[in-house]
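First up is the structure itself, then whatever we jot down about it.
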Amino acid sequence: MGGVAVDVDAGGVKAPDGGWGWVVLAGCFVITGFSYAFPKAVSVFFKELIREFGVGYSDTAWISSILLAMLYGTGPLCSVLVNRFGCRPVMMVGGIFASLGMILASFSTSIIHIYLSTGVITGLGLALNFQPSLIMLNRYFNEKRPLANGLSAAGSPVALCCLSPLGQVLQYQYGWRGGFLILGGILLNCCVCGALMKPLVAPKTPIAKELGQDNDKDGEEKMKKKPKAKLLDFSVFKDCGFVIYTVAASIMVLGLFVPPVFVVSYAKELGNEDTKSALLLTILGFIDIFARPTCGVIAGLKWVRPRCVYLFSFALIFNGTTDLIGSQAKDYASLVVFCIFFGISYGMVGALQFEVLMAIVGTEKFPSAIGLVLLMEAIAVLVGPPGAGRLLDATKNYMCVFLLAGSEVVLSALVLAICNFLFIRNKPPDKLESITVTEDAKAETAGSKPAEVSDEEEKGAREEQEKETKKELKEEEDERDKEEEARPKSATVDSQEVERFLKEPQPNGSMATSPETCL
């Protein structure tokens, strides 16, 4: 119950920027690692599945594709569930689904069963963990949010470096069925991470403390009378910044994931050994681990944070240019250099993509915004890598694949930067700056009314709430005063009547001398 209430009104609670937030960050680190690394880690079992079911590599590749499609495509569903039930219960149920899918897959008798169990059920479970974890991270961090996003995003390369070797060991020791069963048990840790997502509770004001339990009951009645929040807020599409971001992110996803998929095959095409070629992904992942937190620190700097959208555009241009130059690689050494620079740029993009979205839409609309963005990206994920594969089949040239991927990423950067400069820069209440601006910058821009519209509305709402609370407190005090005034008054009347009765002559002609005689 508390989780649902706080999820609806979480915008009114100040982000602690620490405390239990670091525990939430640790949970987000694990969830991000599982969500992004797991679709790649299961590819270790593909050869065994091909041998077991007599299918082709393209058939087994659908497992990872379905996983990613569920992770991205169920975004709106996750938004609705979070707004209805809260982050913690959704994540714990998602952890059960993720584990159940892998356990059921270990008993599969055909590749279709694995599509449904690992692809659909486990993919849905990971989606129900990934999106709520980002929402909770956004609620617990504000000033330190860029750093928190960078550290959380680092879970992806760390988990990839751990899960891929673990999958190989499990396959060697227990076969693919035993490996799937053990991985299903490991995914139960998503439930533990979900349990860590403690809802934020607004601290009681001194006035509220004076009111005590009566005020708490009144507050509960008011909460019941409040209109229910929208399960999926489509009003975010009225925000020009959100529309620009969504278009740019969809174009970006078309080419962003292509190089990691094809770089190993590219190295083998140049005549390198399998183990030597696979080492390229290890190099890329190792660089990625350090690039994400470092970029988070840079994005949190005082003069960078209000302009993080342009830093994100630079990261995309850096990544796309790396693809374009890497397409000309002719030997292993040049591919190593490509992986180093790609790891840096890929880490920057991973650390900034959700930070920019949080800055654009704010905490209140973020649950709906991220669901809609992931749905749009899901379409691009299903088109990008398969489209690059078809281009490779047609041209038999990896250079064309890398050129296409780089061009798409650079195009997304240009769309984001140019449209943001033209349509957002002169917008009266600049949402991006009003959300990402630091306390010092707020003091400097205090004289500008358009930039402080949202702050004034929040302050006005809080002042009205305080006035209502004070009014209720005053009414209660007035009632108590009236009762106290009424009690002494009645007491004096009674004493006066007794005195008068004592002085009056009695029927027998005598005077009453004591109250007992009156009785």
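Here the Cβ of each residue, glycine as well, is placed from N, Cα and C on the backbone.
If you look up TrEMBL, you'll see 20-39 (among others) marked as transmembrane segment.
The feature domain 'Major facilitator superfamily (MFS) profile' is assigned by TrEMBL to 21-424.
The transmembrane segment annotation in TrEMBL covers 60-82 (among others). A Cβ distance under 8 Å defines the sequence-distant neighbours of the transmembrane segment (60-82), meaning residues of its chain 6+ beyond its ends; these are 7, 35, 38-40, 42-43, 46, 49-50, 90, 111, 114-115, 118-120, 122-124, 126-128, 130-132, 135, 231-232, 367-368, 370-375, 377-379, 381-382, 385-386.
Feature annotation from TrEMBL assigns transmembrane segment to 102-126 (among others).
Per TrEMBL, the feature transmembrane segment maps to 147-166 (among others).
According to TrEMBL, the feature transmembrane segment maps to 178-197 (among others).
Look at TrEMBL and you will find 231-258 (among others) tagged as transmembrane segment.
What TrEMBL records for 278-301 (among others) is transmembrane segment.
Within the chain, the transmembrane segment (308-326) has long-range Cβ neighbours (under 8 A, six or more residues past its boundaries) at 146, 248, 252, 255-256, 258-259, 295, 298-299, 334-335, 338, 341-342, 344-346, 348-349, 352-353, 355-356, 359-360, 402-403, 405-414, 416-417, 420, 432, 436. Among the features that TrEMBL reports, transmembrane segment is placed at 308-326 (among others).
Same-chain residues lying 6+ beyond the ends of the transmembrane segment (332-354) with a Cβ under 8 Å from its Cβ atoms: 134, 146, 149-150, 153-154, 156-157, 249, 252, 256, 259-260, 263, 266-267, 270, 272, 276, 280-281, 283-296, 299, 308, 311-312, 315-316, 318-319, 322-323, 325-326, 370. Residues annotated as transmembrane segment in TrEMBL: 332-354 (among others).
If you look at the transmembrane segment (366-389), the same-chain residues 6 or more away from its ends with a CB under 8 A from one of its CBs are 7, 65, 68-69, 71-80, 82-83, 131, 134-135, 138, 230, 232-234, 236-237, 242, 245-246, 249-251, 253-258, 261-262, 354, 357-358, 360, 401, 404-405, 408. Annotation comment: TrEMBL describes 366-389 (among others) as transmembrane segment.
The annotation transmembrane segment is assigned in TrEMBL to 401-424 (among others).
According to TrEMBL, the feature region 'Disordered' maps to 438-519.
Feature annotation from TrEMBL assigns compositional bias 'Basic and acidic residues' to 459-474.
Taken from TrEMBL, the feature compositional bias 'Polar residues' covers 507-519.
Summed and averaged per residue, pLDDT over the domain 'Major facilitator superfamily (MFS) profile' (21-424) gives 84. Only residues 6 or more beyond the boundaries of the transmembrane segment (102-126), in the same chain, are considered here, and those with a CB under 8 A from a CB of the stretch are 34-35, 38, 42, 49, 53, 55, 59-60, 62-63, 65-71, 74, 94-96, 177-178, 180-181, 183-185, 187, 190. Counting Cβ pairs under 8 Å to the transmembrane segment (278-301), the top-ranked stretch among 20-39, 147-166, 178-197, 231-258, 401-424 is 147-166.
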